[in-house]
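Undergrad: Feature list, courtesy of Swiss-Prot:
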- HIS25, ASP28, HIS161: Zn(2+) binding site (BINDING)
Amino acid sequence: MTTATPSSPSTAPLPTRRAMFVHAHPDDEVISTGIALASYAASPDTHVTLVTCTLGEEGEVLVPELIHLRADRGDQLGGYRIGELAGACAALGITDQRFLGGPGRWRDSGMIGTPANDHPRCLWRADLDEAAAELVRIVREVRPQVLVSYDARGGYGHPDHIRAHELTRRAFTDAADPSFAPQAGSVWQVAKRYETALARSSAVAGFEYFRDSAAESNPFAGLTSVDELGVTLVDDADITTELSAPHFFEAKIAAMRSHRTQMSVDGFFFALADGIGQRAWSVEHFVLAEGARGPGDGPDGRERDLFAGLVCEP
């Protein structure tokens, strides 16, 4: 995989349609947007850019022989996860992956309330103008019509997910403002900003299937309701966009397997894939947060394409 950086932009002309996905850590890209990434990356008229904000240094390590990489030991997990991310990108067909500000510029902040929140380089403590300028630089270079990240809570309250949301919102506005970071390139107006969404019906389906499962790291174990999960659930009526691509199911699973320190092959994610399988991992949902909604399809009226309603130009 060729990894571009803001300091060394590609000079080759980009396809007409361009989408940028902003994620907090390696592995986040595949969980909520793996189908979207793979399907758009496979389209010859679409360029996909993945921006990863940190190296995920504070992540857990599920491989016993790699436990020495943990932040509280050798603190080498971030470097290892660069390789995992490269493997995931290869599985998804992504050729343009960037780290915000370059690899290691901002560090994984850990879960809220942990000592990692106080690390001077963590994304949670980043100067927002500085971090936003780095994302704006990439937006102005790539000129995406579509920008994708998380909701205001980051899906489940992780500080880096919240920051990724804030930075993406800033980039949507600031990339079009000639007074903001003029050194970061010519202005560009993104047409649509989306937030990833976990549809309530999808969570309920998983809950009903797995609540009594003995699968390792089953998040439903001991719960009586999906509302106890601690994640943001979006009512089905509020979902604006649904992407379904069962033929990219295997690519998504292969990308998940690449993140071996984070996802146990005996754990919940793969048990879910083997259980309700394509119903769980072949459909992804989004909420259009900014921009004009395109034409819908089917009885639910949802968009079936993040580019719905757009006339894309070079």
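Numbers run from 1 along the shown chain.
Glycine is no exception: its Cβ is also placed from the backbone N, Cα and C atoms.
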Undergrad: Compute the centroid of the Cβ atoms of HIS25, ASP28, HIS161, then list the same-chain residues not in that set whose Cβ lies within 8 Å of it, in sequence order, for the Zn(2+) site.
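TA: Neighbours within 8 Å of the Cβ centroid, excluding HIS25, ASP28, HIS161: HIS23, ALA24, ASP27, CYS53, THR54, GLY56, TYR150, GLY154, HIS158, ASP160, ALA164.
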Undergrad: How many neighbouring Cβ atoms, not counting its own, are there within 10 Å of the Cβ of HIS161 (Zn(2+) binding site)?
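TA: There are 25 of them.
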Undergrad: Using Cβ atoms only, which residues of the same chain lie under 8 Å from HIS25 (Zn(2+) binding site) while being at least 6 residues apart in sequence?
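TA: Residues satisfying the criterion: THR52, CYS53, THR54, LEU55, GLY56, GLY59, ARG81, ASP108, ASP160.
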Undergrad: Write out the long-range same-chain contacts of ASP28 (Zn(2+) binding site), meaning residues 6 or more apart in sequence whose Cβ is under 8 Å from its Cβ.
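TA: Long-range Cβ contacts: THR52, HIS161.
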Undergrad: Look up HIS25 (Zn(2+) binding site) in the DSSP assignment and reduce it to helix, strand or coil.
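TA: Where HIS25 (Zn(2+) binding site) sits, the three-state DSSP reduction gives coil.
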